[in-house]
Amino acid sequence: MSDSPQNPGPSSLKIYFRLLGYVKPYIGMFLLSIVGFLIFASTQPMLAGILKYFVDGLSNPDAALFPNVQWPWLRDLHLVYAVPLLIILIAAWQGLGSFLGNFFLAKVSLGLVHDLRVALFNKLLVLPNRYFDTHSSGHLISRITFNVTMVTGAATDAIKVVIREGLTVVFLFLYLLWMNWKLTLVMLAILPVIAVMVTTASRKFRKQSKKIQVAMGDVTHVASETIQGYRVVRSFGGEAYEEKRFLDASQSNTDKQLRMTKTGAVYTPMLQLVIYVAMAILMFLVLWLRGDASAGDLVAYITAAGLLPKPIRQLSEVSSTVQRGVAGAESIFEQLDEAAEEDQGTVEKERVSGRLEVRNLSFRYPGTDKQVLDDISFIAEPGQMIALVGRSGSGKSTLANLVPRFYQHNDGKILLDGVEVEDYRLRNLRRHIALVTQQVTLFNDSVANNIAYGDLAGAPREEIERAAKAANAKEFIDNLPQGFDTEVGENGVLLSGGQRQRLAIARALLKDAPLLILDEATSALDTESERHIQAALDEVMKGRTTLVIAHRLSTIEKADLILVMDQGQIVERGSHAELLAQNGHYARLHAMGLDEQAPAPVG
């Protein structure tokens, strides 16, 4: 799968700059936050400087703060009053900077994460089917949740630390250079060592972050599968197996998290040691080369130098946060850069008659050599029903998926009303097609909203009720606690299988599309549900061109044309009676299980 971390991909810097490109809509707030952090950082050397006046004031508290200025009120300001007042003013100035920086950067960062999350979800809506075939739902969900959270760290904490602590280091270095540039140059000698350590650690952090990202996707995937299939898990006694599967996935994630923590736990103390060695050398030189500096000057210089390790350490630690964010952003951008479904058609029709022609159609799935469909040809005139019959894996579902362009076929043509399906605008093409599949998809919403879904949203309640009645669903809907406004639960969990299928048929009836693609359910239902569903299917197929993957004999007998498929080819075609008379593939399939009696009609 493409979730694998092996691909080195683009550089961290390139990815991070692309991530920061999402800041453009918030540039005003971003600049305000930088102003705030500038204010905050400027207070650090001020605090060191105020100690100079405090120490000097110990021996002469009545000394003037600014003895050489011309304004009397400032010239007469004594240290005993000035130092406490300045500390309060510096604290207020620092508080203002902290508020501006933190608040506005949080707005920028949360907006950025929101934009990324929405962009990811919107991209999922237009990605081709093959993308979902090669990416597990767990990993896709993990990108929207966990990976975006990693980006949040890079876009909030990391930027805040880089700007605030970076500016603090700059201001403190400028202050130290101003006080004694020779001594300060000694400290600069450690910068190459720090740079090498940060670069080495960054590579490790990014590599480990990618592995964590994949491991977290595995955790989400296992949990998602187990939750969705909890009935199968319980009925087949799969609890122990799923426990072990989740335990292994979670343990793998924990181990990778610990390895990353270990890297940080080793790296940070080593960096601190380097910084404090430089500080020790600096203090030795200060004491040895004291010169004519006052005690206040020395205290201020040592204090400013002592304030440096904390922001430098925080800057070094931010590397792991940034690399986690870069790893998350890389997978996010991989999805955002994926090409959407091909939609280069220009034809739009208000309504089609429903004439479907498949001409010399061949298809194989991307990345495989096996021909799934081979030279398929047939014509369905408006209102006709074509039944596809064959063993599992014969290509029936693939053929049905090619008509609404869920996949792009390799050779041949599919024409709707004489126009190739590729020439239609994708949205317009699918507007003419109603789809009823075996696996009914319902959303955690009301019954009415599940029937009037998507383009059908906003349909009058009378039309929704009419569609439900035609699908033999209105009776059970009226018996629900809140009727059409009853919530059906996730994927219709509060409804029976037969009820879910009737809602799907009602949805197709409300759409009133000229072309119906129907994959009959193979699941065994009670006789009452079977009768209701068969009656609903008869209603939904009236007057529509229908391509049905048929499992019921009653459906097959009504077909205008039966296509018998085997290994991607049409091996027989004709009516039910004609095919039985041939005593070939269809006759054998009929003998194996297509001979059940049609349910009795409703009413």
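The backbone N, Cα and C atoms fix where each Cβ goes, and this holds for glycine too.
Annotation source Swiss-Prot lists transmembrane segment at 20-40 (among others).
Marked as domain 'ABC transmembrane type-1' by Swiss-Prot: 31-324.
The annotation transmembrane segment is assigned in Swiss-Prot to 79-99 (among others).
As annotated by Swiss-Prot, transmembrane segment applies to 170-190 (among others), with the evidence given as sequence analysis.
If you look up Swiss-Prot, you'll see 269-289 (among others) marked as transmembrane segment.
Here Swiss-Prot flags 356-592 as domain 'ABC transporter', drawing on sequence analysis. In the predicted model, residues of the domain 'ABC transporter' (356-592) average a pLDDT of 86.
Swiss-Prot lists GLY390, ARG391, SER392, GLY393, SER394, GLY395, LYS396, SER397 with the feature ATP binding site, giving sequence analysis as the kind of evidence. Under 8 Å, Cβ to Cβ, and six or more positions away along its own chain, SER394 (ATP binding site) finds MET565, ASP566, GLN567, GLY568.
Remote same-chain residues near the transmembrane segment (20-40) are listed as 93-94, 96-105, 107-108, 111-112, 115-116, 160, 163-164, 167-168 (criterion: CB distance under 8 Å, separation of at least six residues from the stretch ends). Surrounding the centroid of the Cβ atoms of GLY390, ARG391, SER392, GLY393, SER394, GLY395, LYS396, SER397, where the record places ATP, the chain contributes additional residues within 8 Å, namely MET565, ASP566. Of all Cβ atoms in the shown protein chains, 23 besides its own fall within 10 Å of the Cβ of LYS396 (ATP binding site).
Cβ neighbour count for GLY390 (ATP binding site): 23 (other Cβ atoms within 10 Å of its Cβ, all protein chains included). In the three-state DSSP scheme, GLY395 (ATP binding site) falls into the coil class. Neighbour counts were taken at the CB atom with a 10 A radius for the binding-site residues SER392, SER397; the maximum falls on SER397.
The number of other Cβ atoms within 10 Å of the Cβ belonging to ARG391 (ATP binding site), over all protein chains shown, comes to 14. Of the listed binding-site residues, namely GLY393, GLY395, the sparsest Cβ surroundings within 10 Å are found at GLY393.
For the recorded site, GLY390 (ATP binding site), the DSSP three-state label reads strand.
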